[in-house]
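Below is one structure, written out as structure tokens, with a few remarks after it.
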Amino acid sequence: MNVDLESLAEATSGAIGSLISTTILYPLDTCKTKYQAEARSSGRTKYRNLTDVLLEAISNRQVLSLYQGLGTKNLQSFISQFVYFYGYSYFKRLYLEKSGYKSIGTKANLVIAAAAGACTAIATQPLDTASSRMQTSEFGKSKGLLKTLTEGNWSDAFDGLSISLLLTSNPAIQYTVFDQLKQRALKNKQDNADKGTSPASLSAFMAFLLGAISKSIATCLTYPAIRCKVIIQAADSAEETSKTKIKSQKTVLSVLYGIWKREGILGYFKGLHAQILKTVLSSALLLMIKEKISASTWVLILALKRYLLLPRGKVKNL
């Protein structure tokens, strides 16, 4: 039985990179999410910027509450990145084998990334919904994962799934841009690499830079849908006193109309700067860590090949 070591290495390195970057940037993610979700309240604006969210936590002596839902977010992040990178690597390898091409084009890459993203969204949507509800609850009043998911019916755990599927275009755009830039950056190094040695890898700074550029482009193009998804998922976790109001906010059209009515067209981009700051740093860190882990994985595969006598055809170049 052939083990798809290439897909496994990609999935593992991507998941570990996501876990580390999510933990480092989680307080920023909490502030961003609470700021974006404020559209669910009518009337006065509570937060003018991210600093107001941070100051609220400090003034209420709830700084540690900036980490509420971290365990759920890490679990969701690890699983989603593992599924995504495994699916992306597997579909990409399958495409190259079936088509006979030596490289993958931009259009095919976009489709493959979207397919991997769709699988990821379906598999991790309940965890994504739970983490959003936990983050947007009042500081110090966040509930556990099971209690959060069991408050409503099972369908509530999949709030925002349709938008999550739409947002598969975000990582699709991101990784398409990143891969194309990466291929160009490594072209000369790969041509000069000796056979049997580890393929050239990006430097930490270059991986960070390319990750930031690719994620910025993807975020700007998909942000209205991102904010709409946050509002839909956060509706159940705050004001539970009015079920009718919450119910009316669970459709995409009602949320889009509500933003337009209260904030105008610029409301669709409220918090864009915060989203870019968080996602660019997160994705850049993820890809930077992934590149380093992938390079180390190659060394491990060579060791397995030599000492465990794995057949040559079963070990794929990473």
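Each residue, glycine too, has its Cβ placed from N, Cα and C.
Checking the ranges 53-73, 158-178 against Swiss-Prot, the transmembrane segment annotation falls on 158-178. Helix, strand and coil residue tallies for the repeat 'Solcar 3' (202-296), in that order: 79 helix, 0 strand, 16 coil [DSSP]. Sequence-distant neighbours of the transmembrane segment (252-272) (same chain, 6+ residues past either end, Cβ-Cβ under 8 Å): 32, 35-36, 39, 42, 162-163, 219-220, 223-224, 227-228, 231-232.
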